[in-house]
Amino acid sequence: MNNMPTIKHVRAFTVRGGGADYHDQGSGHWIDDHISTPMGRYPEYRQSRQSFGINVLGTLVVEIEASDGTVGFSVTTGGELGCWIVEKHLARFIEGAKVTDIEKIWDQMFNATLYYGRKGIVLNTISGVDLALWDLLAKVRKEPVHALLGGPVRDELTFYATGARPDLAKKMGFIGGKLPLHHGPAEREEGLKKNLELLGEMRQRVGDDFWLMYDCWMSLDVEYATRLANAASEYKLKWIEEALPPDDYWGYAELRRNVPRGMLVTTGEHEATRWGFRMLLEMECCDILQPDVGWCGGITELLKISALADAHGKLVVPHGSSVYSYHFVITRHNSPFSEFLMMAPKADEVVPMFNPMLLDEPVPVNGRMKASALDAPGFGVRLNPECALQRPFPR
């Protein structure tokens, strides 16, 4: 261990348009259609999520260089705010440390930012640093990240697809399809009727054995979510996802008691750290946890979240995040399948989530991915040199 390199530099960049901020898409993309959101109570912000600024956060690229010249990197969301946090605050805990000091660095970053952090943009940033550290260490050791996490427990990953066309996802070999909920409580009975009509139409198209789920993106209240779940049981809705605001643990516990027997309640995309997920688990808020590894605290924290979930008999199915979640899921028994975000504008083909920003990003084939597709050192991806990185706060 004494010959392990130290960390020489950490640098933070952003990039304009798309990248890791997958909401930053052009017009006509399904992800910016009329989708139910917490802002749906305001008619002027109902038609497009970009209208209220869902795409303003931007991409954060964290690059960490070791004393032997090895470079690890990651991409997440955070933009210029994340760059400022890395360069002005977190760099002091990273530079000069050993590449193996991942746990210590995480602890220092989290505790040093408690007075203005805990969740949100700060945890996105800490997650980005953490992922870059895992990428760096794995490259130094010339191993894939999943080898550092204990190695694969299965030969392949199995995926469900998130997008506007579950019927097409079935033809592509996915085990299920998760639809965005289009109409929230502010659109009243007519909106609820349209939600159920779409679900019924998709059930007709895909048959009885294909999973269908609704992603509600924090936009409902307990009453509406309960009504939706009960009515949707006719169409064999497998789960209702992120129905309530992430801080409403009490509401989630009530909703889980209310939904029809056999239907699952899932959440956690916008939760962070082991302490947030501890609340979800101990209050019996959900059946599946869905942390985003680029937002919840990185791999270091996701390992703790997963252990907590396993002790409570719950599954962990990370939100999106491509290779950053694939390397984790392949090593965990309580993560039996993965999410794949359909980033084609019409959700009609399989394209890499971070295209064109990352090169060598693997994608499912017929809804599956061999473990061997993840065997390159680190997370196995490269930054596209054609993406113009900007470093707003150089030191």
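Counting begins at 1 with the first residue displayed.
In case you wondered, yes, glycine gets a Cβ from its N, Cα and C as well.
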One of D209, D215, D221 listed by Swiss-Prot as binding Mg(2+) at the site of E241, E269: D215
Beyond the site residues D215, E241, E269: chain residues whose C-beta lies within 8 Å of the centroid, for Mg(2+): K178, C216, W217, E242, T266, T267, Q290, H319
Surrounding CB atoms that lie within 10 Å of the CB of E339 (substrate binding site), all protein chains: 22
Chain-internal residues near D292 (site 'Increases basicity of active site His'), provided their CB is under 8 angstroms and they sit 6+ positions away: E269, H270, P318, H319, G320, S321, S325
Pairwise Cα distance maximum in Å, substrate-binding residues per record: H23, R49, E339: 22
